[in-house]
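A.B. asks: According to Swiss-Prot:
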- THR2: phosphothreonine (MOD_RES)
- 29-46: transmembrane segment (TRANSMEM)
- HIS118: chlorophyll a ChlzD1 binding site (BINDING)
- 118-133: transmembrane segment (TRANSMEM)
- TYR126: pheophytin a binding site (BINDING)
- 142-156: transmembrane segment (TRANSMEM)
- TYR161: site 'Tyrosine radical intermediate' (SITE)
- ASP170, GLU189, HIS332, GLU333, ASP342, ALA344: [CaMn4O5] cluster binding site (BINDING)
- HIS190: site 'Stabilizes free radical intermediate' (SITE)
- 197-218: transmembrane segment (TRANSMEM)
- HIS215, SER264, PHE265: quinone binding site (BINDING)
- HIS215, HIS272: Fe cation binding site (BINDING)
- 274-288: transmembrane segment (TRANSMEM)
Amino acid sequence: MTAILERRETTSLWGRFCNWITSTENRLYIGWFGVLMIPTLLTATSVFIIAFIAAPPVDIDGIREPVSGSLLYGNNIISGAIIPTSAAIGLHFYPIWEAASVDEWLYNGGPYELIVLHFLLGVACYMGREWELSFRLGMRPWIAVAYSAPVAAATAVFLIYPIGQGSFSDGMPLGISGTFNFMIVFQAEHNILMHPFHMLGVAGVFGGSLFSAMHGSLVTSSLIRETTENESANAGYRFGQEEETYNIVAAHGYFGRLIFQYASFNNSRSLHFFLAAWPVVGIWFTALGISTMAFNLNGFNFNQSVVDSQGRVINTWADIINRANLGMEVMHERNAHNFPLDLAAVEAPSING
């Protein structure tokens, strides 16, 4: 009898690590994007929690008037925020080792830059991880494409806008009231409500909510009854079942009669593509609008566009919005400037010394 002995193939430690990282059998898929995503998001989350609780006030405007943002310095959940990096730092990369001390780093708002840059890298890697897992499972890549909309929006307010304005101090604060302040100041300086890309974003978000509610209610109302009257209709569904769980023909007929025939989809695939594409495209446009307004390509200006035969201005809603913009403009950063340029009606006279 002849025995054939084969050398058992041994996998190197690196090979086993690669197999584990890219395995779709793990409870949570890691992937190569996850190798970068996990530490960056953990860093951003940890620093955010610590700074939100205990960070000292930050000199956001660079004029030695620190603004308090943490809970231990008098704020609550609604008023608290991570205050953006000081205008004195501008767009400079400001890690801890660039400051003379940790106290100086905190005073100049170093945590904001640290959190934002790690967060943006982390969410971009999360998007890449979505694509990677889809690829490994043989799925189409549209989940990552849909997620690109919130990634683009976050990148616009945390990175592109500060770059366009010349300072991270113009970025969106990481808190509830800080977000509202950012929105108000953005309207005052860029008239975002009159920008068509923002209008498309509003249509995307509100329209997406409407279509989601319509679709969910139509499906729930046209379930195929698999249970008795004494049981929940939801109990009639088995995970992975081959049969349709609702009657799309009934839903199509209902909606077609409610509005008109061609307002209703008769193709489930095109319907779900529409449900995904509508809000995604809207948010893409909003992110693009923020990115263009970052460089002061602002919303439409229809101020004083209607006059009577005598040349007197007849106010429109555009003029009312403009008046509100001026009020918001003079109220923010009130000690950082003596007189806003927006309110300077004529060019200042030259002074000959």
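Each Cβ is built from the backbone N, Cα and C atoms, and glycine gets one as well.
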A.B. asks: For the recorded positions HIS118, HIS190, HIS215, HIS272, HIS332, which one has its C-beta crowded by the most other C-beta atoms within 10 angstroms?
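C.D. replies: Within the set of recorded positions, the most crowded position is HIS190.
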A.B. asks: If I take the Cα of HIS332 ([CaMn4O5] cluster binding site) as reference, which of the binding-site residues HIS118, TYR126, SER264, PHE265 has the closest Cα?
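C.D. replies: Closest by Cα distance to HIS332 ([CaMn4O5] cluster binding site) among the binding-site residues HIS118, TYR126, SER264, PHE265: HIS118.
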A.B. asks: Would you mind listing the long-range same-chain contacts of the transmembrane segment (142-156), meaning Cβ under 8 Å and 6+ residues beyond its ends?
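C.D. replies: Those are 119-120, 123-124, 126-128, 130-131, 134, 276, 279-281, 283-284, 286-288, 290-291, 294, in sequence order.
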A.B. asks: Look at every Cβ pair spanning the transmembrane segment (118-133) and the transmembrane segment (29-46), keep those 6 or more apart in sequence, and say whether at least 3 of them are under 8 Å.
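C.D. replies: Output yes: the transmembrane segment (118-133) sits against the transmembrane segment (29-46).
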A.B. asks: According to DSSP, which of helix, strand or coil covers SER264 (quinone binding site)?
C.D. replies: coil
A.B. asks: If you count Cβ atoms within 10 Å of each one, which of the binding-site residues ASP170, GLU189, GLU333 comes out on top?
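C.D. replies: In terms of Cβ crowding, the pick is ASP170.
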A.B. asks: Among HIS215, SER264, PHE265, recorded quinone binders, what is the largest CA to CA distance in Å?
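C.D. replies: So the maximum pairwise Cα distance among the quinone binders is 11 Å.
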A.B. asks: Sort out the residues at least 6 away from either end of the transmembrane segment (197-218), same chain, that have Cβ-Cβ distances under 8 Å to it, and list them.
C.D. replies: 251, 254-255, 271, 274-275, 278-283, 285-286, 288-289, 292, 299
A.B. asks: When a 10 Å sphere is centred on the Cβ of PHE265 (quinone binding site), how many other Cβ atoms does it contain?
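C.D. replies: I count 19 other Cβ atoms within 10 Å of it.
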A.B. asks: Would you mind reading off the Cα separation of HIS190 (site 'Stabilizes free radical intermediate') from ASP170 ([CaMn4O5] cluster binding site), to the nearest angstrom?
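C.D. replies: Per the Cα atoms, HIS190 (site 'Stabilizes free radical intermediate') and ASP170 ([CaMn4O5] cluster binding site) stand 13 Å apart.
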A.B. asks: Which of TYR126, TYR161, SER264 (the recorded positions) has the most other Cβ atoms within 10 Å?
C.D. replies: TYR161
A.B. asks: Report, as numbers and ranges, every residue of the chain located at least six residues beyond the transmembrane segment (274-288) whose Cβ falls under 8 Å of a Cβ in that stretch; write 'none' if there are none.
C.D. replies: 142, 145-146, 148-150, 152-153, 155-156, 197-198, 200-205, 207-208, 211-212, 215, 265
A.B. asks: Through the lens of DSSP with three states only, how would you label ASP170 ([CaMn4O5] cluster binding site)?
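C.D. replies: DSSP call for ASP170 ([CaMn4O5] cluster binding site): helix.
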A.B. asks: Round to a whole number and give the Cα-to-Cα distance in Å for the pair ASP170 ([CaMn4O5] cluster binding site) and HIS215 (quinone binding site).
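C.D. replies: Spelling it out, the Cα of ASP170 ([CaMn4O5] cluster binding site) and the Cα of HIS215 (quinone binding site) are 40 Å apart.
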A.B. asks: Would you list the other residues of this chain near quinone - those whose C-beta lies within 8 angstroms of the C-beta centroid of HIS215, SER264, PHE265 - in sequence order?
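C.D. replies: Output for this site, in sequence order: MET214, LEU218, ALA251, HIS252, PHE255, LEU271.
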